[in-house]
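Report on the following structure.
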Amino acid sequence: MASALSSAQAMAVLTVASFFALLCISQQARAANYTFMKDAVYAPRMADYDYIIIGGGTAGCPLAATLSDRARVLLLERGGSPYEDARVLSMAHFSDVLADTSASSPSQRFVSEDGVINSRPRVLGGGSCINAGFFTRAGAGYVRAAGWDPREVRAAYRWVEDVVAFRPALGPWQTAVRRGLLETGVLPDNGFTYDHIPGTKVGGSIFDADGTRHTAADLLQYANQDGIDLYLRARVSRILFRYKGTKPVAEGVVYHDSRGNAHTAYLSPGAASEVILSAGALGSPQQLMLSGIGPADHLRSLGIDVVLDLPGVGQGMSDNPMNAIYVPSPSPVEVSLIQVVGITQFGSYIEGASGANWNSHPSGTQTQPPRNLGMFSPQTGQLATVPPKQRTPEAIARAVEAMSQVPDAALRGGFILEKVLGPQSTGHLVLRNLNPDDNPSVRFNYFAHPDDLRRCVAGISAIERVIRSRAFSRFTYPNFAFPAALNVTAEFPVNTLYRRGGGDPRALEQFCRDTVMTIWHYHGGCQVGRVVDRNYKVLGVEALRVIDGSTFNASPGTNPQATVMMLGRYMGVKLLKERMLLEP
């Protein structure tokens, strides 16, 4: 099938594939001098801590670093260290991580019941180790709605930004996107800022000028090394409970190391001691259910003893839908990830990425490996040339070989994407089995709410206006036809709903549905009001909180990672203040 691709299709596939596989800077992993970080095989069989944090991810790392200042903290991470895998810290090898489907990969692939291919992190630092790096704060309205203290929020953001956030330098293509947004009315011009403000801005990045990724794991440099134990490859099997009358009280966790040995960690005596889930939007609701907290009927159907019937666990799952348009360029373009965003009045965010002669290894030699075509490659899934059900190793190899023959000169251009704020559409998560290492079943119900579809259509129309703007004219061919660009994109198997048939791909609503992808902003499952209160305490349970993106009712800003890291720091400071009051 792959050999039958036209060169134009192959060019577009390979170009869009390069969204996240753009750079050619080789970086070595930075060695972290964390004396408290060990493999779980070296953990004691039993120990006591003031706080037990499940998940060393985007929220868990700053939370643990903060709490360690005045308490004994155990941080359990199911994956390995980003510092032991050079690919994680190098933008040049971004796609290698996402394409790695091994059991030890920092990225664990899953496919939602909607048919969209996605990834969840399995590494210290969480999603900040596998994402595209854009860094931006939540808006003031989001902060107010969450009930957070604005002054403490600003302080927590700055604490994070001092370590992981950088200002990108714009090249000509990104500058043209920015000017095109302004020319077409995405106003005002907000310059460079981390703040979420309507209009056009240059945002931050967790990649520095050398293309090195800085992750939430770097925030552990703030930790008191005498106040924290961090164990890697520690798989939590369940949370332990005792009862105060009829009310469950968390008292510890059971976890296993990579050799299968069981370890038990208990909470130290004291009113302030807590188990805290920071395992992410898939991991936290999954772990609650495995521990007996969730919809009772579902738990009983899997033979799980019910600790608390809490129907909201796993509900409210959302993922911000993303759609992209490839734009071939007659002029050379710089290599760039997302640096500019247009925050529109109609609820869509417009961004772009570009690159020239990306990963130009024709078909592999003894000194040069074959092209790795990135997140959207035949190896990985989205925007691939092989339908999902036909992705045998042989078919994938043929697709890669065919695409490697596309001349480097043809791979000049970039793409502009839109993603929907919110979103309004929600789904749910349930367990498939009792194995905490397996992915749960999740459905996001993309575009089920008409507002999401309306915003997507408006976003695609905004992309067309930017492409046709005078500011962007240097990077478009005179005969560029936007309907043709839609048709080319719509022909690619972007998800497992490949070639569903029916409908005109030029109709923008159909285009949005047919080409929907993820940009890894999924959230929900332990939402405030459904599963936790506004202090992130699990409803109906003592000594148990959830602090991560699973508690969000909507995605903050244009990218959630800055706010998830901020939340870890913010809640860590708050918990230490509470501890001082409870335990003099």
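Backbone N, Cα and C atoms are what each Cβ position is placed from, and that goes for glycine too.
If you look up TrEMBL, you'll see 1-31 marked as signal peptide.
Here TrEMBL flags 49-321 as domain 'Glucose-methanol-choline oxidoreductase N-terminal'. The average per-residue pLDDT of the prediction over the domain 'Glucose-methanol-choline oxidoreductase N-terminal' (49-321) is 96, rounded to a whole number.
With a cut-off of 8 Å between CB atoms and residues at least 6 apart in sequence, the same chain places Thr58, Ala59, Gly280, Ala281, His523, Pro560, Val564 near Gly549 (FAD binding site), listed in sequence order. The FAD binding site annotation in TrEMBL covers Val123, Val236, Trp520, His521, Gly549, Pro560, Gln561.
Counting residue by residue with DSSP, the domain 'Glucose-methanol-choline oxidoreductase C-terminal' (423-568) contains 48 helix, 17 strand, 81 coil. If you look up TrEMBL, you'll see 423-568 marked as domain 'Glucose-methanol-choline oxidoreductase C-terminal'.
According to TrEMBL, the disulfide bond annotation covers Cys456-Cys512. Residue density at Cys456 (disulfide bond): 28 other Cβ atoms are found within 10 A of its Cβ, drawing on all protein chains shown.
Taking CA atoms as the reference points, Val123 (FAD binding site) and Cys512 (disulfide bond) are 32 Å apart. Between the C-alpha atoms of Cys512 (disulfide bond) and Val236 (FAD binding site), the distance comes to 39 Å. Cβ neighbours within 10 Å of Trp520 (FAD binding site), excluding its own Cβ and spanning all shown chains: 23. Put simply, Cys456 (disulfide bond) is 22 Å from Gln561 (FAD binding site) when counted between their Cα atoms. The CA atom of His521 (FAD binding site) is located 16 Å away from the CA atom of Cys456 (disulfide bond). Each of the recorded positions Val123, Val236, Cys512 was assessed for Cβ neighbours inside 10 Å, and the highest tally belongs to Val123. Between the CA atoms of Trp520 (FAD binding site) and Cys456 (disulfide bond) there is a gap of 17 Å.
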